[in-house]
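Below is one structure, written out as structure tokens; the observations come after it.
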Amino acid sequence: MAVATNVDNIDMGTTVWMIASTALVFLMIPGLGYFYSGMVRSKNALSLVFLCMMALAVVTLQWVIWGYSLALSETATNPFIGNLKHWLFLDVSYKPHPNAPTVPGIVYAIYQCMFAALTPGLAIGGAAERIRVMPTIIYTFIWTTLVYDPIAYWVWAPNGWLFKLGVLDFAGGCAVETASGFAALAFYFVLGKRRGFGEEKWQPHNYLNIILGFSFLFFGWLGFNAGAASLASGRAGIAFMTTVVASATAGLVWVALAFRTEHKFSSFHFCSGAVAGMVCVTPAASYVSTWAALPMGVIAGICCYYAIGLNLRLGIDDCIDVFAVHGVGGLLGVFLTGIFANKSVIELDGTVSAGGLINGNGRQLYIQLAALAASAGWSFVVSFIVLKVMNYFPIFRFRVDPDAEEHGLDFTELGEAGYSFMREIAEIHASPPSTRSSIRSFQETTSLKDPKKDMPVIKESVSSGLLTAATTPTTPSVH
């Protein structure tokens, strides 16, 4: 239920906490880039960090131009999309938004901007290692306008149809997790598989990047889930605790499941499971008791782990498991919120609620299912249409050509290298033959030349995760 706003209700403690949480969520964006970069081959690592940071820049401008007004306008009367009252952030200043009645409106607006900026970065991971940068930048602006903003309006705006229906989605199970997961699936159906998918065995090239990125994600997620919760009532503390418990539980479950088949412990599996746990608990973070994060973590760990295996059996190239973790995890989280939402927790700050199934409110499950169907369906269909229409025009074609995919996006799209020795390889092969012959001791570069672009072709050694130079570009290393 929307709350009347009054500048006299602004609380400095809550305001400072939301500003701090905004900074925490910001850290998730480069963290996501590093997390993704470690999971792909080294020749594509830098491009993913770059695309995540570009999403931050593009969405920030979109949010100021019209995104905030379309997604969270408190004066729009229709149930599907906001108006343009706040375009260019007009009248966004000290007066609080109904969703955050104790902080200035401008603080709430920039806090929500970080959510919007993170979401397309999540979806882009589904097209990793084969996507052009320029069309992706344009798509990010369009996707945020046509997909993220409407779903956010439905769920969080005072007159959104799901908000009025009574959906429980505290921090983005629909607009962030489910929307990004199904947008990533749309990327697969438009772009297709990576070259060599199903024929070569790839593994992450940098596990330290994965752990570093996960650490930033975990740190930022505490602000993501707890930032908008009431400090005085203790709901922010509950959101903190449920996030930590669900993440830890899902991470341990995932490691145990992987150990059954691989007979080794894996940092990568732990990080993936922990992220799945946080995804699942996001819509419930401040609606459930701490104990409920345990079963939610277990369910997320099991279901998302097997969703990855199902993708592989179906031949779906979900490159960074965006759909399996964020799409499936988001669906689970929104549904399980309808089961575990606790009336006594929600009402700590005066919010009126009937709770979920554990309070005897079975109707809440139907509302949550409606939210799932609407957000997943809208995200997939609209994403697919936008991708198809843009892909029709050669200038906006999303997929890189085969040579560029072989060389790696860092070189072909950015002209840069994520690692110094990779830059040295590129410089060596751009140099005259006399200079090149004097440095043949650098063994990874011997006999390495592309007949069309004179660029290095970088391959991954699947047994060690180290870079090796391929003397025959068309014959990748297979393990």
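Heads up, the Cβ atoms here are built off N, Cα and C, so glycines get one too.
Taken straight from TrEMBL:
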TRANSMEM  16-36  transmembrane segment
DOMAIN    16-419  domain 'Ammonium transporter AmtB-like'
TRANSMEM  48-68  transmembrane segment
TRANSMEM  105-125  transmembrane segment
TRANSMEM  137-156  transmembrane segment
TRANSMEM  168-191  transmembrane segment
TRANSMEM  207-224  transmembrane segment
TRANSMEM  236-259  transmembrane segment
TRANSMEM  266-285  transmembrane segment
TRANSMEM  291-308  transmembrane segment
TRANSMEM  320-341  transmembrane segment
TRANSMEM  365-387  transmembrane segment
Run the contact check on the transmembrane segment (168-191) against the transmembrane segment (291-308): 3 or more C-beta pairs under 8 Å, excluding pairs closer than 6 in sequence.
-> no
Same-chain residues at least 6 beyond the ends of the transmembrane segment (48-68) whose Cβ lies under 8 Å from its Cβ atoms | 26, 29-30, 32-34, 36-37, 40, 84, 86-89, 92, 109, 112-113, 116-118, 120-121, 124-125, 128, 131, 133, 136-137, 140-141, 144-145, 148-149, 414, 418
Give me the mean pLDDT over the domain 'Ammonium transporter AmtB-like' (16-419), rounded to a whole number.
-> 95
Stretch-level contact, the transmembrane segment (207-224) and the transmembrane segment (16-36), CB cutoff 8 A, at least 3 pairs | yes
